């Protein structure tokens with residue numbers, strides 16, 4: 001079974017758990033969901049799955065080539081210890097991939113998508129990048145050199161990813177000893193926060209022991225609630241813009257800075273670093289936690305219904321496309337992906353309250369009134 005098909009089968013479970021979390025939040029008087037944010041987070045996950053179908057040949061292909069020609073020994077795929085060791089090794093490599101995703105601007109440009117949501121709930125877990133394939137595969141090549149079979153690598157990668165779904169919630173509190181060993185909701189809330197004391201901490205995927213070992217662990221403090229999002233907020237529901245936001249900023253700064261060394265350093269320094277000449281020419285406001293407000297443009301009732309219905313149709317189309325992807329022609333794959341992407345853009349427009357979206361909503365209401373004879 002293809003990895004994309006596993007995601008299709010898991011999607012109803014994801015949606016059920018999202019519904020349960022929403023119901024629990026409402027019952028407790030601590031609802032953490034907004035329709036616009038949830039639709040766009042899940043939509044970015046859809047877009048990530050679409051691009052993954054096209055890029056897996058490169059990422060898995062490179063791993064397979066390295067395993068075939070550079071492995072120190074061929075490890076058996078039917079030995080239990082290979083699977084356990086591979087999962088631990090993958091989680092270790094993931095820690096460094098994730099850490100560089102916060103400490104190097106090039107990798108942050110891909111990873112930022114996951115952090116752009118200013119809410120924190122299970123839909124945030126599905127908010128994934130479409131550009132991680134560009135360089136993320138590099139961190140897992142040691143597994144190929146050590147002889148981990150490609151099928152084992154692909155499976156433990158999926159296990160590591162699926163584990164991380166449940167930790168994106170504010171409805172589960174501290175878990176005692178579990179928090180000290182594993183990535184947990186409390187630990188991962190810290191990771192998504194922009195507070196000074198929480199920033200760039202808790203990178204572990206399954207185990208938080210890596211953070212304790214390498215000095216990046218931070219415990220959640222109930223006296224300082226987590227504030228979610230990024231320090232350069234996206235303030236848009238456009239899924240294309242979400243994926244290209246930081247790349248565009250890096251290209252601009254690299255283009256305009258005078259020194260050739262700075263043109264390279266822009267991409268390799270930590271996020272937020274800018275050459276002095278560019279910072280003076282294109283200043284950005286300093287981050288102030290007290291000034292943080294969530295992006296939440298008003299949506300009319302018609303726009304809410306239109307966005308929700310269109311999104312459900314796109315979700316069904318995506319499930320069919322992913323399930324059939326291995327059998328579709330390149331033209332059908334590309335056409336389907338473009339159509340779904342365009343639909344997600346429309347959902348973003350409806351959530352943004354733009355004039356185009358307002359016009360679509362008015363037209364929808366007028367059509368409904370005409371159909372009912374009113």
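A Cβ is built for glycine as well, from the same backbone N, Cα and C atoms used for every other residue.
Curation plays no part in TrEMBL annotations; they are all automatic predictions.
TrEMBL lists transmembrane segment for one of the ranges 329-348, 349-368, namely 329-348.
Record note: among 18-37, 78-97, 78-97 is the stretch given as transmembrane segment by TrEMBL. According to DSSP, the secondary structure content of the domain 'Fatty acid hydroxylase' (83-216) in residues is 82 helix, 3 strand, 49 coil. Counting only same-chain residues 6+ beyond the ends of the transmembrane segment (137-163), those with a CB under 8 A from a CB of the stretch are 3, 6, 10, 58-60, 62-64, 66-67, 70-77, 82-83, 85-87, 89-91, 93-94, 96-97, 100, 183, 205-206. Mean model confidence of the domain 'Fatty acid hydroxylase' (83-216) amounts to 98 (pLDDT, 0 to 100 scale).
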